[in-house]
Amino acid sequence: MDLNCCKKRELPFLILYAAAFYAFIIHRSLQLSRGHYTKLFGLRPGWLIPQCLNDVSDAQWRNFRGNLPILTIVFAIFTSIAHQLRAYFRLKARGMSVVWLLISFTYLLHLHGACIIFILSIASVNFLLVKVFARTKYFSFVFWSFNIFFLLCNRIYEGYSFSSIGERWAYLDNFRGTFRWHICFNFVVLRMISFGYDYHWAHGDSRFDHEKHIQRCNICSAGKTCYQFLQERGVQSDKFAFITYLSYLAYAPLYLAGPILSFNAFASQLDIPQNIFSVRDITWYGLRWVSSLLLMELMTHLFYYNAFAISGMWKQLYPVDVFIIGYGVLIFMWLKFFLIWRYFRFWSLICGIEVPENMPKCINNCYNLESFWKNWHASYNKWLVRYLYIPLGGTQRKLLNVWVVFTFVAIWHDLEWKLLSWAWLTCLFFIPEMIFKSAANAFQAKTALGEFVVRELSAAAGAITITCLMVANLVGFVIGPSGINWLVSQFLRREGLPVLAGMLLTFYVGTKLMFHIRDAKQSSH
């Protein structure tokens, strides 16, 4: 059996099936949106297509979309001020720390008003804890206890009130700004932990092999400096100053939503701005973002996926339509976060600070859990690996560590049972994937038939994994844990079984297409 010949023969059929699948999805989605729009919440008059409503039922997307003009003007002004001051005074790390501290705190005063006092108080105590305990054996315990304590308390007490401190402070509750500070503080917690550990590790021996990295890295070998190198090489002790720390926590372009970068990488680029992306690269990046925004507008004008989920209308649909809405909601979520994160990354790049790309890979090109989580909120994944997963023991305790990591992720997002259910479902689905990967690595196919069998089993495993991933995300972000029984009952009854079979077949075909994309990339290198 010639495996390459089999691959070439199957590819046209896979593409044909995928084209037919998306033609059906688009046709049925249009029918559902046109047939039920009067019963849906969150639809507003559209602007892109005449006589079409626009689905703005998602509060996060609606707020971001509505504030885009003012955000763009504000960041353009901030960027211009920072560039002019750097050029005129030839500022380095310390000077730029002061500049970004002033700019960012002006921004935070508008967002949070008097609540900036809470942020400064917690951040200052965190800084003192780092300086006092960083060289002791109690550091990790004290540091994590402090940050998780405030992560939970901020949510439980809804950001606190000044009246609870004393009546003389109660008047400050009238000046709480335009945005809830404790929501944004989740990102600040990640930055506080990054600062603490980067300072803690700066006093130990680095395990990072600089020379080997430069030889292997295409960016560093070309004379530039990649993000990983900036993060791992560490910075001088004078960079761990209070002003630099505060400017890192409040850095305006990334404050609201990220992406997340380490303290080492931030401090290094304050000194010497990023040199990977040229003006032309950043301009092209921005134009691609605009085209993606237009795609999102087209999608929300034609398909009301999120409105179906918000309105609870999906419970009244046939199983095949439930699948279409569930799939559509995940596509919408991916594109929403893609646009939000790339927008803020774009402004950070203009300001000379490179951060990891949060959505480096399309959601439709991930066939296992590990790949999905490496490419969904990728900067957060890198943060979790560096500051939580590896300190817990890394791959040596992988089966145990994933439970700790995903429980933290759920708590970090919000204190809700549906998020904990999502986290623990994801961990459960990780177990068979890890077992299958171990078995596949242990079994080395020596014949073409063996390779063919492994490839087919991997595609089948990919189909099951994608299905599990859909279920976990729908439970966490749409239907909640109470909807699991309903969802399972819908697909295990007579009308639902053919849909479930078709869904698995579709994901099997999709996984095979992902294999072809992977093989094409490997052969091009």
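Backbone N, Cα and C atoms are what each Cβ position is placed from, and that goes for glycine too.
Going by TrEMBL, these are the annotated features:
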TRANSMEM  12-30  transmembrane segment
TRANSMEM  68-86  transmembrane segment
TRANSMEM  98-123  transmembrane segment
TRANSMEM  138-157  transmembrane segment
TRANSMEM  178-197  transmembrane segment
TRANSMEM  245-266  transmembrane segment
TRANSMEM  287-305  transmembrane segment
TRANSMEM  317-339  transmembrane segment
TRANSMEM  398-413  transmembrane segment
TRANSMEM  419-436  transmembrane segment
TRANSMEM  457-479  transmembrane segment
TRANSMEM  499-517  transmembrane segment
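Sequence-distant contacts of the transmembrane segment (68-86) (same chain, at least 6 residues past either end, Cβ-Cβ under 8 Å): 95-96, 99-100, 103, 107, 252-253, 343, 347, 350-351. In this chain, the transmembrane segment (178-197) lies in contact with the transmembrane segment (245-266); the count of Cβ pairs under 8 Å, excluding pairs fewer than 6 apart in sequence, is at least 3. Within the same chain, residues 25, 28-29, 32, 58, 60-61, 64, 289, 292-293, 295-296, 299-300, 303, 305-306, 308-309, 358-359, 362-364, 376-377, 470, 473-474, 477-478, 487, 490-491, 495-496, 499-500, 502-503 sit at least 6 positions outside the transmembrane segment (317-339) and bring their C-beta atoms closer than 8 Å to a C-beta of that stretch. The transmembrane segment (499-517) and the transmembrane segment (12-30) are in contact, since at least 3 Cβ pairs between them lie under 8 Å (pairs 6 or more apart in sequence). If you look at the transmembrane segment (287-305), the same-chain residues 6 or more away from its ends with a CB under 8 A from one of its CBs are 29-30, 32-33, 36-37, 40, 43, 46, 48-49, 52-57, 325, 328-329, 331-332, 335-336, 338-339, 342-343, 346. For the transmembrane segment (398-413), the list of distant contacts is 148, 151-152, 186, 189-190, 380, 384, 388-389, 392, 419-420, 422-424, 426-427, 430-431, 434: same-chain residues at least six beyond its ends, Cβ to Cβ under 8 Å.
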